[in-house]
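Taken verbatim from TrEMBL:
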- LYS11: active site (ACT_SITE)
- 67-149: domain 'GHMP kinase N-terminal' (DOMAIN)
- PRO99, VAL100, ALA101, ALA102, GLY103, LEU104, ALA105, GLY106, GLY107, SER108, THR109: ATP binding site (BINDING)
- ASP141: active site (ACT_SITE)
- 218-293: domain 'GHMP kinase C-terminal' (DOMAIN)
Amino acid sequence: MRSYSLIAPAKINLYLEIIGDRPDGYHELAMILQSIDLADQIEVRSLSTDNIRVHCHHPQVPTDKSNLAYRAAELMATQFPDAFSNYGGVEITIKKQIPVAAGLAGGSTNAAAVLVGIDLLWHLGLTQSELEELGATLGSDVPFCIAGGTAIATGRGEQLAPLPNLAPIHLVLAKYRSLEVSTPWAYKTYRQQFGSTYIRDSDNLAARASAVHSGAIVKAILNQDAAEISQKLHNDLERVVLPAYPQVLQLRELFATQPGVLGTMMSGSGPTVFAIAQSLQLAEAIKLNVRQAIPDEDLELFVTRTTTHGIQIVPI
Ligand code: C5P
């Protein structure tokens, strides 16, 4: 095959706790990551020339080295130089559905799809954990995006412990198109404001990270209890993003008052806010109500649901 088409789902954070700082400037996290149906479609194609090309119709998506998908292809070329010279360059086409700079791992899931696609194109036969290890060098969320589903993520976010598949939970997502929150800014501000509460002792850090495994939200996930999951949603980064971005706070408050909403939270470093809905019908009604309350065309609203997979190959 000279080309593959892949589905690259977005993720939301059902839980994000910042438990410590790290000497490398990153933060020790305890998270629960969840794949959702909202996805990009990625095509990877072999080129007869030896270069890497990225195409994307979306004006906010760069096509140069600043695109994580480009860097994923570059990483594969340097890791597997023989395959690169055998099979030639790679053309990557991204059909964007996932909002950009949204806290939904859009760039990370595109990069994960490129790793999986090139592994297939070049017949490398890499294992999931080898792909995840490569992914971790590109970004903290890339490893999760490969297999997706529901998982506990600790360390930088790259140490994964899969949880059993959840039956679909209906969601409404809201994001202002023109609003972007810088992830480094969010973590830096959190560290400045709340760094004094961090765990600095490595034994306690490990204990805290493993405590999430037996925490209330994991129990709720194991019980497939959407109402209980919704009650236990948590994101430490809301503490810095909500006060700085009144529009995000407004969405969060609006969702919380809608009939049929079981729970609401910001995803990642924002600015996307999601609501867990009791049913698909109620999710559609919530979307309509929010649209009526905020007729601003800059506001994007999506009805979607949780899914049990990460990168998938589209059968031809
Ligand atoms: O790993 P990734 O490139 O996706 O992270 C983006 C930014 O988010 C990092 O540059 C860092 O500022 C922040 N970050 C962090 N701790 C983590 C993950 C991300 O401080 N565990």
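Just so you know, glycine gets a Cβ as well, placed from its N, Cα and C.
Structure with TrEMBL features highlighted.
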residue : record           : CB count, 10 Å
LYS11   : active site      : 31
PRO99   : ATP binding site : 24
ALA101  : ATP binding site : 19
GLY103  : ATP binding site : 30
ALA105  : ATP binding site : 31
GLY107  : ATP binding site : 27
THR109  : ATP binding site : 31
ASP141  : active site      : 29
What DSSP gives for LYS11 (active site), in three states, is strand
Within 10 Å of LYS11 (active site) (Cα basis), scanning binding-site residues GLY103, GLY107, THR109, I find GLY103, THR109
Given the ATP site PRO99, VAL100, ALA101, ALA102, GLY103, LEU104, ALA105, GLY106, GLY107, SER108, THR109, its other Cβ neighbours within 8 Å of the Cβ centroid, in chain order, are ALA10, ILE98
The average per-residue pLDDT within the domain 'GHMP kinase C-terminal' (218-293) comes out at 98
As a whole number of Å, the Cα atom of PRO99 (ATP binding site) is distant from the Cα atom of ASP141 (active site) by 16
THR109 (ATP binding site), DSSP three-state class -> helix
Cα of ALA105 (ATP binding site) to Cα of ASP141 (active site), in Å and rounded, measures 7
For GLY103 (ATP binding site) and ASP141 (active site), the CA-to-CA distance in whole Å is 10
